[in-house]
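Visitor: There's a structure below that I have some questions on.
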(Lines of atoms letter the chains of each structure in order from A and count residues from 1; the text may use other names and numbers.)
(Lines give C-alpha, C1' and ligand atoms only; values in the text may rest on other atoms or scores of the structure.)
Protein backbone atom coordinates (compact mmCIF):
# COMPACT_ATOMS: atom_id res chain seq x y z
CA UNK A 1 0.00 0.00 0.00
CA UNK A 2 1.20 3.52 -0.66
CA UNK A 3 1.80 6.28 1.83
CA UNK A 4 -1.67 7.78 1.48
CA UNK A 5 -3.30 4.45 2.22
CA UNK A 6 -1.00 3.83 5.12
CA UNK A 7 -2.01 7.07 6.80
CA UNK A 8 -5.69 6.61 6.14
CA UNK A 9 -5.65 3.24 7.88
CA UNK A 10 -5.15 4.91 11.25
CA UNK A 11 -8.76 5.35 12.33
CA UNK A 12 -9.38 6.18 15.99
CA UNK A 13 -11.35 3.61 17.95
CA UNK A 14 -12.34 3.23 21.56
CA UNK A 15 -8.86 1.80 22.07
CA UNK A 16 -7.28 4.99 20.68
CA UNK A 17 -6.40 2.95 17.58
CA UNK A 18 -2.98 2.76 19.16
CA UNK A 19 -2.46 -0.97 18.98
CA UNK A 20 -3.79 -3.57 16.55
CA UNK A 21 -3.16 -7.29 16.91
CA UNK A 22 -1.92 -9.06 13.83
CA UNK A 23 -0.28 -12.43 13.30
CA UNK A 24 0.34 -12.90 17.00
CA UNK A 25 2.12 -9.61 17.69
CA UNK A 26 1.17 -6.07 18.62
CA UNK A 27 1.93 -3.27 16.20
CA UNK A 28 1.67 0.33 17.28
CA UNK A 29 0.68 3.39 15.25
CA UNK A 30 4.12 3.50 13.63
CA UNK A 31 3.53 0.06 12.09
CA UNK A 32 6.29 -1.52 14.18
CA UNK A 33 6.15 -4.22 16.81
CA UNK A 34 5.57 -2.69 20.24
CA UNK A 35 8.97 -3.16 21.94
CA UNK A 36 9.08 -0.49 24.64
CA UNK A 37 7.17 -0.70 27.90
CA UNK A 38 4.52 1.92 28.55
CA UNK A 39 6.20 3.25 31.68
CA UNK A 40 5.01 6.83 31.55
CA UNK A 41 1.77 8.29 32.88
CA UNK A 42 0.19 11.62 31.93
CA UNK A 43 1.93 13.27 34.89
CA UNK A 44 5.37 11.88 34.03
CA UNK A 45 5.03 12.74 30.34
CA UNK A 46 4.09 16.31 31.31
CA UNK A 47 7.12 16.30 33.61
CA UNK A 48 9.38 15.24 30.72
CA UNK A 49 8.03 18.04 28.54
CA UNK A 50 8.54 20.66 31.23
CA UNK A 51 11.98 19.41 32.31
CA UNK A 52 13.28 18.99 28.75
CA UNK A 53 12.00 22.43 27.82
CA UNK A 54 13.01 24.01 31.16
CA UNK A 55 12.51 27.44 29.63
CA UNK A 56 13.51 29.64 32.55
CA UNK A 57 16.82 27.83 33.11
CA UNK A 58 17.63 27.79 29.39
CA UNK A 59 17.00 31.54 29.24
CA UNK A 60 19.23 32.05 32.26
CA UNK A 61 22.01 30.12 30.56
CA UNK A 62 22.14 32.57 27.63
CA UNK A 63 20.90 35.73 29.35
CA UNK A 64 23.99 37.89 28.86
CA UNK A 65 24.23 37.06 25.15
CA UNK A 66 20.54 37.93 24.88
CA UNK A 67 21.11 41.32 26.53
CA UNK A 68 23.22 42.47 23.56
CA UNK A 69 20.04 42.42 21.46
CA UNK A 70 18.09 45.25 23.05
CA UNK A 71 18.88 45.04 26.74
CA UNK A 72 16.32 43.82 29.31
CA UNK A 73 13.35 45.28 27.45
CA UNK A 74 14.51 43.66 24.22
CA UNK A 75 14.93 40.26 25.88
CA UNK A 76 11.42 40.36 27.38
CA UNK A 77 9.60 41.42 24.22
CA UNK A 78 11.66 39.14 21.99
CA UNK A 79 10.80 36.24 24.27
CA UNK A 80 7.08 37.03 24.09
CA UNK A 81 7.22 37.30 20.29
CA UNK A 82 9.08 34.03 19.71
CA UNK A 83 6.89 32.22 22.26
CA UNK A 84 3.79 33.19 20.26
CA UNK A 85 5.39 31.71 17.13
CA UNK A 86 6.30 28.50 18.91
CA UNK A 87 2.79 28.18 20.33
CA UNK A 88 1.69 27.88 16.68
CA UNK A 89 4.32 25.21 15.93
CA UNK A 90 3.41 23.34 19.12
CA UNK A 91 -0.28 23.32 18.12
CA UNK A 92 0.60 21.73 14.76
CA UNK A 93 2.78 19.13 16.48
CA UNK A 94 0.04 18.35 19.02
CA UNK A 95 -2.46 17.81 16.21
CA UNK A 96 -0.16 15.44 14.32
CA UNK A 97 0.77 13.55 17.49
CA UNK A 98 -2.94 13.06 18.12
CA UNK A 99 -3.49 11.75 14.58
CA UNK A 100 -0.31 9.64 14.25
CA UNK A 101 1.20 8.87 17.67
CA UNK A 102 4.62 7.59 16.66
CA UNK A 103 7.98 7.88 18.41
CA UNK A 104 9.38 8.86 15.00
CA UNK A 105 7.54 12.18 15.33
CA UNK A 106 8.32 14.66 12.55
CA UNK A 107 10.07 11.93 10.54
CA UNK A 108 6.85 9.92 10.33
CA UNK A 109 4.58 12.93 9.83
CA UNK A 110 6.65 14.48 7.03
CA UNK A 111 6.64 11.11 5.25
CA UNK A 112 2.84 11.03 5.44
CA UNK A 113 2.03 14.66 4.61
CA UNK A 114 4.49 14.61 1.70
CA UNK A 115 2.39 11.94 -0.02
CA UNK A 116 3.51 8.90 -1.96
CA UNK A 117 5.58 10.91 -4.44
CA UNK A 118 7.64 13.09 -2.11
CA UNK A 119 7.03 11.65 1.37
CA UNK A 120 9.99 9.29 1.33
CA UNK A 121 12.65 11.93 0.70
CA UNK A 122 10.98 14.69 2.75
CA UNK A 123 10.59 12.34 5.71
CA UNK A 124 14.22 11.24 5.43
CA UNK A 125 15.50 14.80 5.67
CA UNK A 126 13.00 15.75 8.38
CA UNK A 127 14.12 12.81 10.50
CA UNK A 128 17.82 13.50 10.16
CA UNK A 129 17.47 17.26 10.67
CA UNK A 130 15.48 16.55 13.81
CA UNK A 131 17.83 13.98 15.33
CA UNK A 132 20.93 16.04 14.57
CA UNK A 133 19.25 19.11 16.04
CA UNK A 134 18.48 17.21 19.23
CA UNK A 135 21.99 15.77 19.51
CA UNK A 136 23.57 19.20 19.04
CA UNK A 137 21.03 20.69 21.46
CA UNK A 138 22.00 18.07 24.04
CA UNK A 139 25.65 19.06 23.62
CA UNK A 140 24.64 22.67 24.19
CA UNK A 141 22.94 21.85 27.50
CA UNK A 142 25.97 19.80 28.59
CA UNK A 143 28.14 22.80 27.77
CA UNK A 144 25.93 25.11 29.85
CA UNK A 145 26.16 22.70 32.79
CA UNK A 146 29.95 22.51 32.46
CA UNK A 147 30.22 26.30 32.42
CA UNK A 148 27.99 26.51 35.48
CA UNK A 149 30.33 24.18 37.38
CA UNK A 150 33.40 26.20 36.42
CA UNK A 151 31.67 29.48 37.35
CA UNK A 152 30.67 28.11 40.76
CA UNK A 153 34.32 27.26 41.35
CA UNK A 154 35.41 30.70 40.15
CA UNK A 155 33.10 32.48 42.58
CA UNK A 156 35.35 31.46 45.48
CA UNK A 157 38.74 31.59 43.76
CA UNK A 158 39.60 35.17 42.98
CA UNK A 159 41.94 35.49 40.04
CA UNK A 160 40.98 32.09 38.66
CA UNK A 161 41.32 32.01 34.85
CA UNK A 162 39.42 29.16 33.30
CA UNK A 163 40.77 27.22 30.34
CA UNK A 164 38.84 25.23 27.77
CA UNK A 165 40.11 21.90 29.06
CA UNK A 166 38.60 22.68 32.47
CA UNK A 167 35.20 23.08 30.83
CA UNK A 168 35.83 19.94 28.75
CA UNK A 169 36.38 17.75 31.83
CA UNK A 170 33.18 19.04 33.42
CA UNK A 171 31.41 18.57 30.08
CA UNK A 172 32.42 14.90 29.90
CA UNK A 173 31.23 14.25 33.45
CA UNK A 174 27.75 15.72 32.96
CA UNK A 175 27.43 14.19 29.48
CA UNK A 176 28.03 10.63 30.61
CA UNK A 177 26.18 10.95 33.91
CA UNK A 178 23.08 12.05 31.98
CA UNK A 179 23.60 9.39 29.33
CA UNK A 180 24.02 6.61 31.90
CA UNK A 181 20.82 7.62 33.72
CA UNK A 182 18.87 7.19 30.46
CA UNK A 183 20.65 3.96 29.52
CA UNK A 184 20.60 2.14 32.86
CA UNK A 185 17.56 3.56 34.67
CA UNK A 186 14.80 3.37 32.07
CA UNK A 187 12.14 2.08 34.48
CA UNK A 188 13.02 4.83 36.95
CA UNK A 189 12.78 7.63 34.38
CA UNK A 190 9.16 8.54 35.24
CA UNK A 191 10.19 9.10 38.88
CA UNK A 192 13.37 10.90 37.83
CA UNK A 193 11.41 13.29 35.61
CA UNK A 194 8.82 13.87 38.35
CA UNK A 195 11.67 14.81 40.69
CA UNK A 196 13.04 17.05 37.95
CA UNK A 197 9.65 18.75 37.66
CA UNK A 198 9.72 19.47 41.40
CA UNK A 199 13.21 20.99 41.21
CA UNK A 200 12.25 23.13 38.21
CA UNK A 201 9.16 24.57 39.87
CA UNK A 202 10.86 24.90 43.27
CA UNK A 203 13.98 26.35 41.64
CA UNK A 204 12.18 29.08 39.75
CA UNK A 205 10.11 29.94 42.84
CA UNK A 206 13.19 30.21 45.06
CA UNK A 207 15.09 32.24 42.46
CA UNK A 208 12.20 34.65 41.94
CA UNK A 209 11.71 35.14 45.68
CA UNK A 210 15.42 35.69 46.38
CA UNK A 211 15.91 38.11 43.47
CA UNK A 212 12.73 39.96 44.42
CA UNK A 213 13.62 40.37 48.11
CA UNK A 214 17.43 40.64 48.36
CA UNK A 215 18.06 43.90 46.46
CA UNK A 216 16.02 45.79 49.06
CA UNK A 217 17.89 44.07 51.90
CA UNK A 218 21.37 44.77 50.49
CA UNK A 219 20.68 48.48 50.11
CA UNK A 220 21.42 48.58 46.37
CA UNK A 221 17.76 48.72 45.42
CA UNK A 222 16.02 47.72 42.22
CA UNK A 223 16.48 48.69 38.61
CA UNK A 224 14.05 51.29 37.26
CA UNK A 225 10.87 50.51 35.32
CA UNK A 226 12.39 52.34 32.38
CA UNK A 227 15.46 50.07 32.44
CA UNK A 228 13.36 46.89 32.51
CA UNK A 229 10.48 47.77 30.17
CA UNK A 230 11.34 50.73 27.93
CA UNK A 231 15.09 51.32 27.56
CA UNK A 232 16.34 49.85 24.26
CA UNK A 233 20.05 48.97 24.22
CA UNK A 234 21.50 47.87 20.90
CA UNK A 235 24.85 46.28 21.80
CA UNK A 236 24.96 44.04 18.71
CA UNK A 237 26.23 46.73 16.36
CA UNK A 238 23.62 46.28 13.61
CA UNK A 239 22.31 49.60 12.34
CA UNK A 240 18.68 48.45 12.22
CA UNK A 241 16.98 48.05 15.60
CA UNK A 242 14.26 46.02 13.88
CA UNK A 243 16.81 43.49 12.66
CA UNK A 244 18.40 43.37 16.13
CA UNK A 245 14.99 42.55 17.57
CA UNK A 246 14.43 39.77 15.01
CA UNK A 247 17.92 38.33 15.49
CA UNK A 248 17.52 38.53 19.27
CA UNK A 249 14.55 36.19 19.11
CA UNK A 250 17.08 33.39 18.65
CA UNK A 251 17.82 33.39 22.37
CA UNK A 252 14.16 32.90 23.22
CA UNK A 253 13.87 30.27 20.48
CA UNK A 254 16.70 28.30 22.10
CA UNK A 255 14.68 28.23 25.33
CA UNK A 256 11.22 27.38 23.91
CA UNK A 257 12.25 25.50 20.76
CA UNK A 258 11.52 21.95 21.97
CA UNK A 259 7.82 21.41 21.12
CA UNK A 260 8.29 17.87 19.80
CA UNK A 261 10.14 16.33 22.76
CA UNK A 262 7.20 14.44 24.27
CA UNK A 263 6.01 13.21 20.86
CA UNK A 264 9.03 10.88 20.74
CA UNK A 265 7.63 8.96 23.72
CA UNK A 266 4.31 8.20 22.01
CA UNK A 267 4.97 4.47 22.21
CA UNK A 268 5.76 4.56 25.92
CA UNK A 269 2.54 5.88 27.48
CA UNK A 270 -1.14 4.90 27.38
CA UNK A 271 -3.62 6.81 25.21
CA UNK A 272 -0.98 8.90 23.40
CA UNK A 273 -3.55 10.45 21.04
CA UNK A 274 -5.02 12.42 23.93
CA UNK A 275 -2.15 12.52 26.42
CA UNK A 276 0.55 13.95 24.17
CA UNK A 277 -1.44 17.08 23.23
CA UNK A 278 -2.13 17.61 26.94
CA UNK A 279 1.57 17.25 27.74
CA UNK A 280 2.51 19.77 25.04
CA UNK A 281 -0.03 22.24 26.44
CA UNK A 282 1.37 21.76 29.96
CA UNK A 283 4.94 22.15 28.70
CA UNK A 284 4.29 25.46 26.98
CA UNK A 285 1.97 26.94 29.58
CA UNK A 286 4.31 26.24 32.49
CA UNK A 287 7.40 27.09 30.45
CA UNK A 288 6.16 30.50 29.32
CA UNK A 289 4.77 31.61 32.68
CA UNK A 290 7.82 30.60 34.73
CA UNK A 291 10.28 32.10 32.24
CA UNK A 292 8.36 35.37 31.91
CA UNK A 293 8.24 35.88 35.68
CA UNK A 294 11.89 34.85 36.00
CA UNK A 295 13.04 37.41 33.39
CA UNK A 296 11.16 40.27 35.03
CA UNK A 297 12.51 39.45 38.47
CA UNK A 298 16.19 39.08 37.57
CA UNK A 299 16.19 42.26 35.47
CA UNK A 300 14.85 44.29 38.38
CA UNK A 301 17.74 42.95 40.47
CA UNK A 302 20.50 44.10 38.04
CA UNK A 303 22.43 47.16 39.25
CA UNK A 304 25.56 47.17 37.07
CA UNK A 305 25.07 46.06 33.46
CA UNK A 306 28.63 46.97 32.40
CA UNK A 307 30.13 44.62 35.00
CA UNK A 308 27.78 41.90 33.80
CA UNK A 309 29.13 42.21 30.26
CA UNK A 310 32.76 42.41 31.40
CA UNK A 311 32.85 39.52 33.90
CA UNK A 312 35.47 36.85 33.09
CA UNK A 313 33.53 33.73 34.05
CA UNK A 314 32.27 31.35 31.36
CA UNK A 315 28.74 31.47 32.82
CA UNK A 316 27.88 35.18 33.25
CA UNK A 317 24.66 34.50 35.16
CA UNK A 318 26.92 33.99 38.19
CA UNK A 319 27.69 37.71 38.17
CA UNK A 320 24.02 38.61 37.81
CA UNK A 321 23.17 36.47 40.84
CA UNK A 322 26.06 38.01 42.77
CA UNK A 323 24.62 41.45 42.07
CA UNK A 324 21.14 40.33 43.11
CA UNK A 325 22.29 38.86 46.45
CA UNK A 326 25.44 40.99 46.99
CA UNK A 327 27.04 37.74 48.13
CA UNK A 328 29.20 35.04 46.60
CA UNK A 329 27.46 32.47 48.80
CA UNK A 330 24.05 33.65 47.64
CA UNK A 331 25.16 33.49 44.02
CA UNK A 332 26.43 29.94 44.54
CA UNK A 333 23.11 28.89 46.08
CA UNK A 334 21.16 30.28 43.12
CA UNK A 335 23.54 28.60 40.68
CA UNK A 336 22.91 25.29 42.42
CA UNK A 337 19.18 25.97 42.15
CA UNK A 338 19.50 26.37 38.37
CA UNK A 339 22.09 23.59 37.97
CA UNK A 340 19.87 20.75 39.20
CA UNK A 341 16.94 21.54 36.86
CA UNK A 342 19.35 21.98 33.95
CA UNK A 343 20.85 18.56 34.66
CA UNK A 344 17.32 17.12 34.51
CA UNK A 345 16.95 18.90 31.16
CA UNK A 346 20.07 17.14 29.92
CA UNK A 347 18.54 13.80 30.85
CA UNK A 348 15.38 14.73 28.94
CA UNK A 349 17.43 15.69 25.89
CA UNK A 350 19.17 12.30 25.92
CA UNK A 351 15.80 10.57 26.17
CA UNK A 352 14.58 12.46 23.10
CA UNK A 353 17.70 12.26 20.95
CA UNK A 354 18.20 8.53 21.67
CA UNK A 355 14.58 7.68 20.87
CA UNK A 356 14.67 9.71 17.67
CA UNK A 357 17.89 8.07 16.43
CA UNK A 358 16.39 4.68 17.28
CA UNK A 359 13.34 5.33 15.10
CA UNK A 360 15.58 6.16 12.14
CA UNK A 361 17.57 2.99 12.74
CA UNK A 362 14.53 0.72 12.78
CA UNK A 363 13.59 2.02 9.31
CA UNK A 364 17.12 1.42 7.97
CA UNK A 365 17.82 5.14 7.58
CA UNK A 366 21.12 5.04 9.51
CA UNK A 367 24.44 3.26 9.10
CA UNK A 368 24.56 0.03 11.16
CA UNK A 369 20.78 0.26 11.43
CA UNK A 370 20.26 -3.24 12.84
CA UNK A 371 22.54 -2.44 15.77
CA UNK A 372 21.16 1.08 16.36
CA UNK A 373 17.54 -0.10 16.18
CA UNK A 374 18.04 -2.80 18.80
CA UNK A 375 16.03 -2.45 22.00
CA UNK A 376 18.01 -3.86 24.90
CA UNK A 377 15.90 -6.52 26.63
CA UNK A 378 17.63 -6.12 29.97
CA UNK A 379 17.42 -2.35 30.24
CA UNK A 380 14.21 -1.97 28.22
CA UNK A 381 15.28 0.96 26.06
CA UNK A 382 17.07 1.86 22.80
CA UNK A 383 20.40 1.40 24.58
CA UNK A 384 22.66 1.47 21.53
CA UNK A 385 21.07 4.58 20.00
CA UNK A 386 21.46 6.47 23.29
CA UNK A 387 25.09 5.30 23.51
CA UNK A 388 25.75 6.68 20.02
CA UNK A 389 24.35 10.07 21.07
CA UNK A 390 26.73 10.09 24.02
CA UNK A 391 29.74 9.31 21.81
CA UNK A 392 28.78 11.96 19.25
CA UNK A 393 28.56 14.56 22.00
CA UNK A 394 31.94 13.42 23.34
CA UNK A 395 33.41 14.06 19.89
CA UNK A 396 31.80 17.50 19.91
CA UNK A 397 33.46 18.14 23.26
CA UNK A 398 36.82 17.24 21.73
CA UNK A 399 36.09 19.74 18.95
CA UNK A 400 35.55 22.37 21.66
CA UNK A 401 39.08 21.76 22.93
CA UNK A 402 40.45 22.56 19.49
CA UNK A 403 38.09 25.35 18.52
CA UNK A 404 35.26 26.91 20.50
CA UNK A 405 34.10 28.54 17.25
CA UNK A 406 33.62 25.16 15.57
CA UNK A 407 31.80 23.84 18.64
CA UNK A 408 29.51 26.88 18.62
CA UNK A 409 28.67 26.17 14.97
CA UNK A 410 27.38 22.73 15.91
CA UNK A 411 25.39 23.66 19.01
CA UNK A 412 24.19 26.92 17.46
CA UNK A 413 22.53 25.03 14.60
CA UNK A 414 20.01 23.36 16.94
CA UNK A 415 17.21 25.84 16.23
CA UNK A 416 17.84 25.92 12.46
CA UNK A 417 17.86 22.12 12.13
CA UNK A 418 14.83 21.54 14.34
CA UNK A 419 12.90 24.32 12.57
CA UNK A 420 13.63 22.76 9.19
CA UNK A 421 12.27 19.43 10.47
CA UNK A 422 9.04 21.09 11.63
CA UNK A 423 8.66 22.96 8.36
CA UNK A 424 9.07 19.66 6.49
CA UNK A 425 5.75 18.30 7.78
CA UNK A 426 3.70 21.47 8.40
CA UNK A 427 4.14 23.04 4.95
CA UNK A 428 3.23 19.87 2.97
CA UNK A 429 0.20 19.44 5.22
CA UNK A 430 -0.97 22.91 4.17
CA UNK A 431 -0.21 22.40 0.48
CA UNK A 432 -2.03 19.04 0.35
CA UNK A 433 -4.99 20.48 2.32
CA UNK A 434 -4.58 17.87 5.07
CA UNK A 435 -5.87 15.09 2.83
CA UNK A 436 -3.21 12.54 3.81
CA UNK A 437 -3.98 12.58 7.55
CA UNK A 438 -6.99 11.12 9.35
CA UNK A 439 -7.99 13.44 12.19
CA UNK A 440 -7.24 12.49 15.77
CA UNK A 441 -9.02 13.48 19.01
CA UNK A 442 -7.24 16.85 18.99
CA UNK A 443 -7.83 18.55 15.66
CA UNK A 444 -8.02 22.23 14.83
CA UNK A 445 -10.94 23.32 12.61
CA UNK A 446 -9.80 24.10 9.07
CA UNK A 447 -9.94 27.93 9.41
CA UNK A 448 -7.97 27.79 12.66
CA UNK A 449 -5.46 25.27 11.31
CA UNK A 450 -4.63 27.24 8.17
CA UNK A 451 -4.07 30.45 10.14
CA UNK A 452 -1.97 28.74 12.83
CA UNK A 453 0.05 26.59 10.40
CA UNK A 454 0.63 29.51 8.01
CA UNK A 455 1.96 31.75 10.80
CA UNK A 456 4.24 28.91 11.93
CA UNK A 457 5.59 28.41 8.40
CA UNK A 458 6.09 32.13 7.75
CA UNK A 459 8.00 32.43 11.00
CA UNK A 460 10.32 29.55 10.11
CA UNK A 461 10.84 30.58 6.47
CA UNK A 462 11.70 34.15 7.44
CA UNK A 463 13.61 33.61 10.66
CA UNK A 464 15.75 30.60 9.71
CA UNK A 465 17.94 32.82 7.45
CA UNK A 466 17.98 35.57 10.12
CA UNK A 467 19.27 33.11 12.70
CA UNK A 468 22.22 32.39 10.38
CA UNK A 469 23.48 36.00 10.43
CA UNK A 470 26.48 36.94 12.62
CA UNK A 471 25.47 37.67 16.19
CA UNK A 472 27.11 41.09 16.17
CA UNK A 473 29.08 43.43 13.93
CA UNK A 474 31.86 43.91 13.22
CA UNK A 475 32.65 40.21 13.19
CA UNK A 476 35.80 38.15 12.71
CA UNK A 477 36.51 34.56 11.71
CA UNK A 478 36.14 33.64 15.39
CA UNK A 479 32.84 35.46 15.98
CA UNK A 480 31.19 34.59 12.66
CA UNK A 481 27.96 32.55 12.74
CA UNK A 482 28.70 29.31 10.88
CA UNK A 483 25.26 27.73 11.38
CA UNK A 484 24.35 28.11 7.70
CA UNK A 485 27.59 26.44 6.57
CA UNK A 486 27.14 23.58 8.99
CA UNK A 487 23.47 22.98 8.13
CA UNK A 488 24.22 23.22 4.41
CA UNK A 489 27.16 20.83 4.68
CA UNK A 490 25.18 18.33 6.75
CA UNK A 491 22.29 18.48 4.27
CA UNK A 492 24.62 17.78 1.35
CA UNK A 493 26.14 14.80 3.17
CA UNK A 494 22.65 13.51 3.95
CA UNK A 495 21.81 13.81 0.27
CA UNK A 496 24.71 11.50 -0.52
CA UNK A 497 23.59 9.01 2.11
CA UNK A 498 20.00 9.10 0.78
CA UNK A 499 21.20 8.49 -2.78
CA UNK A 500 23.06 5.40 -1.49
CA UNK A 501 20.20 3.83 0.52
CA UNK A 502 17.08 4.86 -1.45
CA UNK A 503 17.25 1.78 -3.66
CA UNK A 504 18.89 -0.52 -1.12
CA UNK A 505 15.97 -1.30 1.16
CA UNK A 506 15.08 2.09 2.62
CA UNK A 507 11.30 2.63 2.37
CA UNK A 508 10.65 5.21 5.07
CA UNK A 509 8.34 4.78 8.07
CA UNK A 510 6.48 1.47 7.90
CA UNK A 511 2.78 1.25 8.41
CA UNK A 512 2.27 -2.46 7.87
CA UNK A 513 -1.17 -2.96 9.40
CA UNK A 514 -4.19 -2.23 7.26
CA UNK A 515 -7.60 -2.56 8.88
CA UNK A 516 -10.01 -4.07 6.38
CA UNK A 517 -13.67 -3.16 6.08
CA UNK A 518 -14.70 -6.28 7.99
CA UNK A 519 -12.46 -5.32 10.89
CA UNK A 520 -9.86 -8.01 10.21
CA UNK A 521 -6.24 -6.88 10.58
CA UNK A 522 -3.62 -8.33 8.29
CA UNK A 523 0.04 -7.77 7.55
CA UNK A 524 0.46 -6.45 4.02
CA UNK A 525 3.57 -5.62 2.02
CA UNK A 526 4.36 -1.95 1.67
CA UNK A 527 5.16 -0.31 -1.62
CA UNK A 528 6.59 3.12 -1.03
CA UNK A 529 8.46 4.85 -3.80
CA UNK A 530 9.48 8.43 -4.21
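Note that Cβ sites are derived from N, Cα and C of the backbone, with glycine treated the same way.
Caution: TrEMBL annotation is automatic and unverified by curators.
Keep in mind that what you see is a predicted model, and the values were worked out from it rather than measured.
Annotations for this protein, taken from TrEMBL, read as follows:
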- 42-68: transmembrane segment (TRANSMEM)
- 74-94: transmembrane segment (TRANSMEM)
- 134-156: transmembrane segment (TRANSMEM)
- 168-189: transmembrane segment (TRANSMEM)
- 195-214: transmembrane segment (TRANSMEM)
- 281-302: transmembrane segment (TRANSMEM)
- 331-352: transmembrane segment (TRANSMEM)
- 383-403: transmembrane segment (TRANSMEM)
- 409-427: transmembrane segment (TRANSMEM)
- 448-473: transmembrane segment (TRANSMEM)
- 479-501: transmembrane segment (TRANSMEM)
Visitor: With a cut-off of 8 Å between Cβ atoms, can you find at least three pairs linking the transmembrane segment (195-214) to the transmembrane segment (331-352)? Only pairs 6 or more residues apart in sequence count.
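Guide: Contact between the transmembrane segment (331-352) and the transmembrane segment (195-214): present, because at least 3 Cβ pairs are under 8 Å.
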Visitor: Under 8 Å for C-beta pairs, could you tell me which stretch among 42-68, 383-403, 409-427, 479-501 has the largest tally with the transmembrane segment (331-352)?
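Guide: Most Cβ pairs under 8 Å with the transmembrane segment (331-352) come from 42-68.
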Visitor: Going along the chain, which residues at least six beyond the ends of the transmembrane segment (479-501) come within the CB cut-off of under 8 Å?
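Guide: Residues packing against the transmembrane segment (479-501) from afar: 121, 124-125, 128-129, 132, 364-365, 405-406, 408-410, 412-413, 416-417, 420, 465, 467-472.
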Visitor: At a C-beta cut-off of under 8 Å, are there same-chain residues at least 6 beyond the transmembrane segment (448-473) that contact it? List them, or none.
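Guide: Same-chain contacts beyond the ends: 65, 68, 85, 88-89, 91-92, 95, 235-238, 243, 246-247, 249-250, 253, 415-416, 419-420, 422-423, 426-427, 429-430, 434, 479-481, 483-484, 487.
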Visitor: If you count Cβ pairs under 8 Å, which stretch among 42-68, 74-94, 134-156, 281-302, 383-403 touches the transmembrane segment (409-427) the most?
Guide: 134-156
Visitor: What else in the chain is close to the transmembrane segment (383-403), if you only count residues 6 or more beyond its ends and a Cβ gap under 8 Å?
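Guide: For the transmembrane segment (383-403), the far contacts come to 135-136, 138-139, 142-143, 164-165, 167-168, 171-172, 175-176, 179, 182-183, 350, 353-355, 357-358, 361, 371-376, 410-411.
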Visitor: Same chain only, please: residues at least 6 beyond the ends of the transmembrane segment (134-156) with a C-beta under 8 Å from a C-beta of the stretch. Say none if there are none.
Guide: 58, 61-62, 162, 166-168, 170-171, 173-175, 178, 254, 258, 312-315, 317-318, 322, 328, 331-332, 335-336, 338-339, 342-343, 345-346, 349-350, 352-353, 356-357, 389, 392-393, 396-397, 400, 407, 410-414, 417-418
